[in-house]
Amino acid sequence: MAFAPVGPEASFFEVLDQHRASLLAALRRGGGEPADGGTRLASSSEVLASIESVIQDVITSLARNKAPVFTIDNRSSWENIKFEDSVGLQMVPHCTRRKIKSDSPKSVKNFALILKILSIIYKLVQSNTYATKRDIYYTDSQLFGNQTVVDNIINDISCMLKVPRMSLHISSTSKGLIAGNLRYIEEDGTKVHCTCGTTAVAVPSNIQGIRNAKFLLIVEKDATFQRLLDDNFCNRMSPCIMVTGKGVPDLNTRLLVKKLWDTFHIPVFTLVDADPHGIEIMCIYKYGSMAMSFEAHNLTVPAIRWLGLLPSDIKRLNIPRDTLIPLTKRDQMKLDSVLKRPYVTCQPFWRKEMEMMADSKMKAEIQALTFLSSDYLSRVYLPNKLKFGGWI
């Protein structure tokens, strides 16, 4: 027999409601967001016209006995990235560019692969059909060599055409999971009702209708996500939504988080390990990544707050040192890298937490809280953080 989720008393959500009110006030001061949810897609005719323009340039070059060249914004240099607190990391208007030449031994194969995938995309858009990145790889796996080659070229094409990847009719298999008070309609009309029990559903590639909740909790790791489900966290904190990208989030997970924020403007929190890797994953959700900076408006949620695990929590809760893990040289390099990022300047409390980690030379996984009790995370830590505003 299924029972309706019973959450805490209304007074529990007072601080959360105040936080949401402040987020909405900040949005109004900033002029708000697009009414369509912020995602800017290109029409099929626009995509086809963009591809035709690229091919026409290739034909023109050949007609003039010149070697065709693709010119793509360089997304591997911080010099080409600017930071805006309201958007995150995005490309500067006049960035340096790299050339993929058809007459260069180093890039001729890449040039040919871009042409091949452009032709596949053109047929997909023209016929209004969709394919996954994996489907494209298997059209000629020997030619492409590996999936990463296909993934990188698709991102290059999206950047070159100035078109969101969703508009290219290319999808990716979701690895993320979602649970909680959420009902939505998939693009094909399928109605999905997530539960507050011990099961989750895969993050959808596209959704049309969703219902509200008090907050959204992004969980870094699948193991922690599953433990919270087992502890009936969603039910006890209802109405809420939980999402995990199972580590570094894929595009679908980031799009879903963005969609939920744009639609409801509910508080969004992250629960990550107190280590440089976890912090970077949180930054990807909040501010985006250099590789996808050309699509920042569709992917970032700057309103995200860091709920835990904070390095200061480790000290405050007297977590024994023998449950902590020493920072490796790679960890220290990652931490130094994050501390130099442009968005850290406007996050003094984040900087303080990261400097605390650097000084201690130790990191901690969320599982370190089990030293206090096996269900401390779901029974004490998270409820107290949410009730009393323990986020930064």
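Backbone N, Cα and C define each Cβ position, glycine as well.
Feature list (source: TrEMBL):
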type: DOMAIN; residues: 2-44; note: domain 'Meiosis-specific protein Spo11'
type: DOMAIN; residues: 109-170; note: domain 'Spo11/DNA topoisomerase VI subunit A N-terminal'
type: ACT_SITE; residues: TYR138; note: active site, O-(5'-phospho-DNA)-tyrosine intermediate
type: DOMAIN; residues: 215-386; note: domain 'Topoisomerase 6 subunit A/Spo11 TOPRIM'
CB neighbours of TYR138 (active site, O-(5'-phospho-DNA)-tyrosine intermediate) within 10 A?
12
For the domain 'Meiosis-specific protein Spo11' (2-44), would you mind checking the mean pLDDT of the predicted model?
72
